[in-house]
Amino acid sequence: MDPEETSVYLDYYYATSPNSDIRETHSHVPYTSVFLPVFYTAVFLTGVLGNLVLMGALHFKPGSRRLIDIFIINLAASDFIFLVTLPLWVDKEASLGLWRTGSFLCKGSSYMISVNMHCSVLLLTCMSVDRYLAIVWPVVSRKFRRTDCAYVVCASIWFISCLLGLPTLLSRELTLIDDKPYCAEKKATPIKLIWSLVALIFTFFVPLLSIVTCYCCIARKLCAHYQQSGKHNKKLKKSIKIIFIVVAAFLVSWLPFNTFKFLAIVSGLRQEHYLPSAILQLGMEVSGPLAFANSCVNPFIYYIFDSYIRRAIVHCLCPCLKNYDFGSSTETSDSHLTKALSTFIHAEDFARRRKRSVSL
């Protein structure tokens, strides 16, 4: 195959330039062949174990399941599926970019990574919307926040993510360059670049805006609630801290990587390249591991900041501690907030009605 008809891309999903040469695009930053195999191996081991424990603890926990747990289990499953492909990329980085595991795994692993990216972002968006409805509109949202609705939403997300990953499955192929195998895509066309740009905007930046908007509204509602109820300081600070940690983890993991991807696609669409391809390549090389690491950090975030999940994991790993008191009630912080805000909203409505009747 002609080398100029293919190109290798560091983001594994989308072609980024219609004129790139595989020899230029494939040039590795020196640290990658040593650091990335070690880093990806650590991500693989901790992520597979963490997500398996998280899924098992929530699935086999006795009693009723929280609505948010359905989204968390699906997110952990998505991360687990992605993590299974990491040994293939460890081998790729260790062999200086050569793909030694065949055409089927070249296509399949790239497709699974693409599905994981879309599925994770959409699930995180739904989780933020669910949290927004539970805290900001606790009374009105009761008819929408049902278990059957959550299962339908998750099934729809998996279906949409599988469809969005099809372009990667169809375009990725094993290519021989100088008798060396590479997992590559055909040269990008302007139509594919436009599709990649639109897909990136609507599957990352729009969900990102939704997530940030939801959590800003939640923070505003919490501030109003605690100011009205007179409960400042510790509870307010803890609630706001958890919110910002969740948002910050998402931003640190995905924003740099997708920003460089966005710039690479835009640069490929323009006749004049304002950013050298070497800078874009370096940016994706450095930020890519952060995006990959997101799949292993979620279980630790939930364990540290969600007492319900922490109890479920400890009881799953150590059944002898089933009756151990963790110093908190069986209800979650969301449950407390939902009940408190429901009372707060009812009180506000009653005050408005009373004020209106007095004015009349």
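Counting starts with 1 at the first residue shown.
Placement of Cβ uses the backbone N, Cα and C atoms for every residue, glycine included.
Per Swiss-Prot, the features are as follows:
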- SER359: phosphoserine (MOD_RES)
- 1-33: topological domain 'Extracellular' (TOPO_DOM)
- 55-69: topological domain 'Cytoplasmic' (TOPO_DOM)
- 91-120: topological domain 'Extracellular' (TOPO_DOM)
- 142-149: topological domain 'Cytoplasmic' (TOPO_DOM)
- 171-192: topological domain 'Extracellular' (TOPO_DOM)
- 214-239: topological domain 'Cytoplasmic' (TOPO_DOM)
- 261-284: topological domain 'Extracellular' (TOPO_DOM)
- 306-360: topological domain 'Cytoplasmic' (TOPO_DOM)
- 34-54: transmembrane segment (TRANSMEM)
- 70-90: transmembrane segment (TRANSMEM)
- 121-141: transmembrane segment (TRANSMEM)
- 150-170: transmembrane segment (TRANSMEM)
- 193-213: transmembrane segment (TRANSMEM)
- 240-260: transmembrane segment (TRANSMEM)
- 285-305: transmembrane segment (TRANSMEM)
Test of understanding: applying the rule of at least three C-beta pairs under 8 Å (pairs 6 or more apart in sequence), is the transmembrane segment (193-213) touching the transmembrane segment (70-90)?
no
Is the transmembrane segment (285-305) in contact with the transmembrane segment (34-54), using three or more Cβ pairs under 8 angstroms as the rule and ignoring pairs under 6 apart in sequence?
yes
Which range out of 150-170, 193-213, 240-260, 285-305 gives the transmembrane segment (121-141) the most CB pairs under 8 Å?
193-213
Determine which residues of the chain contact the transmembrane segment (240-260) at the Cβ level, with the cut-off under 8 Å and only residues 6 or more beyond its ends counted.
11, 121, 124, 200, 204-205, 208, 211-212, 215, 218-219, 222-223, 280, 283-284, 286-288, 290-291, 293-294, 297, 301, 305, 333
Taking residues 6+ outside the topological domain 'Cytoplasmic' (142-149), which of them lie with a CB under 8 Å of any CB in it?
65, 67, 70, 130, 133-134
